[in-house]
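Visitor: Sending over a structure as structure tokens; questions will come in a sec.
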Amino acid sequence: MPRRHTSLFSHVSSPPSPDANPALWEHRLRQRRPVSRNPFEKEAETIGDYGNTIVGSPPIQSEPFKFDEGQAGNGHEESVKTKENYDAEWGEQVPSWLNLFFDLAWTATFSSLTSNNRFRDPWDSISYIAFFITAWWLWVSQVSYNVDFYTDDWFHLLFVFMQLLVFGALAATTRGYDVTNYILHSPGSPVLETYDITTISPSRYAAEHLTKTSLQAITFVVALSRILLLVQHIRVVIYAKFTAKNTRLPRRLLIVPASLVVSAGLFTAAFMTTLSGWGLEPNGAKVKYACWGSAVLVEIIAQIIRFQLDVNRGIRLRSHGSVTGRLADVTTILLGEGINAIAGTFFAIEQAPGFSAPTGGSVICCGVIVFFLAYLYFEGAAPLRSVRRRAAWIMMHLPWLLSVILLLEGVKNQLLLLSYISSVDYLVAGITKSIGIEDEAQMNAAMRPLLLQAGLSFNQEYAGLVNMISSNFSRYESLANETAMAFAKEITQVWYLKIQLSASLNTYLTYMDNDTIPDTTYSMIRRYQSDYNYTLEDYTAAMTSDPPQLPLFGQILEGLLEPSISNARYIMAMCGITFISLASLNLIQAWPRDRFHWASIFSRYTTGICMVSLLLLNLGPVQAYVGWNDEQLSRRAGVYRWIDASSVLPTLALAYVIQFIIDTALVYAAVWHSRKATARRTS
């Protein structure tokens with residue numbers, strides 16, 4: 001029988017056939033969404049005086065291998081009690097592409113803040129934490145709603161789209177965000193200043209305008225997001241009223257909407273404060289953040305209470321989702337963001353001179369840290385399945401996610417710091433060696449490639465030396481020969497110091513952004529490069545001290561390094577909090593069933609406490625990185641010697657590797673012990 005050939009356009013005029021194409025038919029039925037769908041089942045049957053549903057949604061199955069705390073209890077009553085509000089998936093779920101799109105849009109909010117925040121001092125970290133908690137709660141509150149009440153209709157697609165606009169607006173307005181503005185200082189100024197349009201500088205005006213716009217946009221957008229979520233919850237209450245009919249409306253459905261009314265009012269009050277002149281004063285700014293924090297706190301308390309109550313009593317949900325998978329997806333996205341941020345530094349490391357073995361080792365350590373963060377989260381002591389303590393599981397992810405973000409940001413900064421120090425040491429050593437060459441042609445040949453690596457032109461720098469000599473020629477023209485030569489040497493050494501600073505500054509800008517340099521340090525740099533007598537102070541100090549000291553250059557270098565060194569001061573605490581958070585998550589996820597399970601959790605707590613205890617390295621009589629003699633270097637705080645030894649990232653990586661070895665050893669020991677016990681019973 002000849003094979004039948006079908007034309008590409010054979011079905012252009014064919015009518016739809018559900019029997020011939022059942023998969024296409026089901027797909028079209030899903031796409032034919034209603035405007036709005038009841039999240040509760042109408043055809044529920046009830047018994048007894050309480051109206052509890054016994055027919056409808058599929059029950060949560062009790063699997064023998066699930067870590068359900070009810071298994072450890074006494075009797076059937078406790079087992080049933082644990083399944084009332086279990087974090088399990090059944091029924092129609094939110095499309096995976098929509099969840100991913102929503103999570104990525106949320107990630108953009110704090111990613112924008114991360115790229116705009118330089119973490120120059122502790123207040124920068126506090127500002128970041130405050131914003132992250134707000135953005136995190138926007139995500140949690142919406143996901144908590146979706147888990148219980150999402151239905152595949154146009155209403156929810158529209159509101160998800162509007163939430164994406166909210167996240168986009170937040171991501172676009174983070175540049176002027178700083179909780180210390182109008183409280184500790186005015187925007188664009190280190191101190192509090194009165195806003196006077198007649199005397200304000202252009203830079204200060206630009207900073208003031210950016211801050212006002214940012215705060216107004218953030219508070220307005222967050223208030224709008226609360227109203228959007230409130231509308232969704234009100235819709236649920238209306239459907240519940242119609243579904244319950246003659247039975248009493250479940251009052252637990254009113255807890256979150258009531259908190260959203262309060263929250264929206266508080267955020268609106270914060271927004272109105274930003275519009276008034278009082279909001280530009282310290283007291284007004286404090287009230288604004290008090291309203292902000294109170295609004296988030298009210299919602300958190302309401303959600304925790306609501307999570308303890310079973311929504312399915314009296315009425316039955318059409319479907320139910322799981323927050324476990326959503327939080328796992330967010331963790332994966334955040335780790336990916338961390339990898340992207342760390343990988344972005346590799347171009348600067350390639351471009352800068354002086355790549356060393358410690359730098360290469362630190363790059364490897366970055367990969368180890370990120371990999372084992374993911375491994376220890378997903379490969380815990382118990383399987384990462386649905387958890388019963390949803391509220392505790394969600395809340396514990398706040399310190400976990402926040403510590404991961406700050407840790408990876410600190411890892412990136414430490415990699416840049418180590419690479420910068422290595423490059424500066426290489427350039428300064430090379431320039432110093434070149435200056436010691438007596439033959440001028442050989443000196444020029446040795447110095448030329450070094451200056452090019454530092455982004456400097458030898459011809460321009462040499463022209464600067466000639467200009468310095470000619471401008472000071474009248475001062476030594478009539479002097480004796482030896483005195484004139486000594487004066488010429490002095491000018492050459494001052495020129496060398498200027499080159500050394502320019503090379504250090506250019507290398508710094510290769511790794512770091514321009515706005516990470518404090519204004520006081522920038523003014524010292526400009527004066528050092530332009531004021532001969534100012535630079536001469538360093539040369540004079542070097543000639544009169546043993547070993548030679550360059551106090552002004554040291555102050556400038558200290559100012560350049562301070563933001564990155566500040567990260568090293570707390571990075572060990574962030575590492576420790578990740579271990580403590582992981583242990584707490586394991587404990588919340590499943591109550592330990594044997595000593596090996598307990599040992600894994602205890603080991604994570606112990607490792608975390610040990611890493612946090614490294615904060616003691618910040619103690620020491622000398623709180624400065626730069627030292628000019630052995631006595632100064634030995635009296636520095638331990639954190640500076642830790643940085644000098646290039647041991648920051650290796651220490652963090654070693655902690656994660658050790659924890660991995662401990663967990664793996666416990667798994668093998670538990671399996672060996674279990675098999676041995678089984679063999680003993682069977683024999």
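Just so you know, glycine gets a Cβ as well, placed from its N, Cα and C.
The annotation region 'Disordered' is assigned in TrEMBL to 1-54. Annotation source TrEMBL lists transmembrane segment at 125-142, 154-172, 253-275, 287-307, 327-349, 355-378, 390-408, 570-588, 609-628, 648-671.
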Visitor: Before we move on, state whether the transmembrane segment (570-588) and the transmembrane segment (648-671) share at least 3 Cβ pairs under 8 Å, counting only pairs 6 or more apart in sequence.
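Guide: Taking Cβ pairs at least 6 residues apart, the transmembrane segment (648-671) and the transmembrane segment (570-588) are in contact, with 3 or more under 8 Å.
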Visitor: Answer with yes or no whether the transmembrane segment (390-408) touches the transmembrane segment (287-307) by the criterion of at least three Cβ pairs under 8 A, sequence separation 6 or more.
Guide: yes
Visitor: Any chance the transmembrane segment (390-408) and the transmembrane segment (154-172) have 3 or more Cβ pairs under 8 A, given the pairs are 6 or more apart in sequence?
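Guide: No, these stretches are not in contact.
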Visitor: Tell me if the transmembrane segment (125-142) touches the transmembrane segment (648-671). I count contact as 3 or more CB pairs below 8 A, with pairs 6 or more residues apart.
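Guide: No, since the transmembrane segment (648-671) and the transmembrane segment (125-142) share fewer than 3 Cβ pairs closer than 8 Å, they do not count as touching.
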Visitor: Other than its close neighbours in sequence, what residues sit by the transmembrane segment (327-349), given a CB gap under 8 Å and a spacing of at least six beyond its ends?
Guide: 99-100, 103-104, 106-107, 111, 114, 139, 355, 359, 363, 366, 370, 373-374, 377-378, 384, 393-394, 397, 400-401, 404-405, 408-409, 411-412, 415-416, 419, 510-511
